[in-house]
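Structure first, then comments.
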Amino acid sequence: MADDKCGEELAVAEPLGRWPVLSYGVGHMLNDITSACWFTYLLMFLQEIGLTPRDASIVMLSGQVADGVMTIVAGEMIDRFGRFKLWHIGGSVLVGVSFSSVFGGCLLCTVLGTDSYLVRTIGYSFFAAVFNVGWAATQVSHMAMVNCMTSNPTSRVALASCRNASTMVANLGLYGIALAVFGAVKAKTCADIVVQYKWIAYVSIFVGCCFLVLFHVGTSEPTLKCEPNCKKRARIAWGYWFKKTLYYQVALLYMLARLITNVSQSLIAFYVTRDLKMNEYSKATIPAIIFCCSFLVSVVLQEMKWNSRRLKSLLTVGATLWVVSGAAVFILPSQMHNLMYPLAMVIGAANALVMVTTIGLESALVGEDLNGCAFVYGSLSFLDKMSCGIALFVLESYDETPSCGEVRGLNTMSRYGTGLIPACFAVLVLVVTSTLRLHDDAPRARASAALEAPLLV
């Protein structure tokens, strides 16, 4: 009887109103706007204030390692103890404090009264790790709230879609802030550069905190839970996934997709200013164009009905676009830098196709095995964080800060990282995609149905 009562309560759940959906959707804005700044400008900022490319990559790597580990830890702790909003606000506080400490200057240098390379690297690495610990705690708690806020499938889709839309707004907002700051504050000295990024950081945190207040005011702590007397299916062991070939294929594709987008995003600012000799505004306009096109394509993709054939086909198209655009970026001469604008549009479309379809593959992999989905998403996220950190560390370790007036050829890390290497990753995507075996037969009907919801969440 208790089992029946639990099922009835979940079955008759009413849809959420617009305000709960909206307030939830903006709850990740602080994470999104700081993350966009982190991947686009962190390496450039650190090198412009005097760190070597290798030291800057160590800072990035320390953050990625902390993020990957905390993603798993936070998921396990939240599953055990709940308290979503407490984890969310705690992580948000860490994000705000540490983010301002990184882009606001070396706090450890001020405390110790020294400005050595070692102290600066340690100081920035510490706050990078703290930032990513807070970021992971906020992300996991926010994503985990969806299924506990409502059992209504329409409302769950609405929550995920609103969160996705807010992510797009946050990223575009960051590039708008950066464009305004680069125009208002001219970087003539190292002190001016620090002022530029300090303003970008402070304004981003202020905007993110405004939406954070809306989230905590409008969203109640989730209470939708099956009580102890309700029937629960046994938790799926990790070894179950390791026996599935599809798990390794999806893990590899997701990792390659994240490498393509994150590595190219982290080095695009170097590429357009150092290699193409474009003006300072290009550090904001080119990433903004990429993201706008990605947003538009994502909107179209979310309105489509999905099956395995269409999923594989669009992933193939996205990877092919990246092979072509990556090769073009690699050989593009600085005299033809205006071609970067149409190339940015192609890259944006390719990013959307690759990311949306690989996220869709995660849903196809999980299927009906909902009691094991936490491990799937957590392990793939861990793989993503670690691989991106290591890739950027290796690339930056071989980079050299250009001297004034130096003519740069094709053999630069920013050209490799923005064009050639993502194109090579895209080739691997094509190879792995050709080996996928997804079926829409009757036994898998319910599993494939997961693909009919908006994918980019």
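Every residue gets a Cβ built from N, Cα and C, even glycine.
Under the heading transmembrane segment, TrEMBL lists 87-112 (among others).
The transmembrane segment annotation in TrEMBL covers 124-145 (among others). Within the chain, the transmembrane segment (124-145) has long-range Cβ neighbours (under 8 A, six or more residues past its boundaries) at 24, 27-28, 30-31, 34-35, 38, 42, 46, 51, 58-60, 62-67, 70-71, 74-75, 78-79, 84-85, 87-88, 90-95, 97-99, 101-102, 106-108, 163, 219, 222.
Feature annotation from TrEMBL assigns transmembrane segment to 165-187 (among others).
The annotation transmembrane segment is assigned in TrEMBL to 199-218 (among others). Non-local neighbours of the transmembrane segment (199-218) in the same chain are 19-20, 22-24, 26-27, 29-34, 37, 41, 85, 88-89, 92, 96, 99-100, 102-104, 166, 170, 173-174, 177-178, 181, 185; each lies 6+ residues outside the stretch with a CB under 8 Å from one of its CB atoms.
The transmembrane segment feature in TrEMBL is assigned to 246-272 (among others). Long-range neighbours of the transmembrane segment (246-272) within the same chain, counting only residues 6 or more positions beyond its ends whose Cβ lies under 8 Å from a Cβ of the stretch, are 39-44, 60, 278, 282-283, 286-287, 290, 315, 322, 326, 329, 337, 340, 347, 351, 354-355, 358-359, 361-362, 364-365, 376, 379-380, 383-384, 387-388, 391-392, 395, 413-415, 417-419, 421-422, 425-426, 428-429, 432-433, 435-438.
Positions annotated as transmembrane segment by TrEMBL: 284-301 (among others). Within its own chain, the transmembrane segment (284-301) is flanked in space by residues 40, 164, 168, 171-172, 175-176, 178-179, 182, 265, 268-269, 272, 278, 314, 340-341, 344-349, 351-353, 356, 455-456, which lie at least six positions past its ends and keep a Cβ under 8 Å from the stretch.
The annotation transmembrane segment is assigned in TrEMBL to 313-332 (among others).
TrEMBL lists 339-361 (among others) with the feature transmembrane segment.
Summarising the annotation, TrEMBL assigns transmembrane segment to 416-436 (among others).
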CB contact flag for the transmembrane segment (313-332) and the transmembrane segment (165-187), at least three pairs under 8 A: no
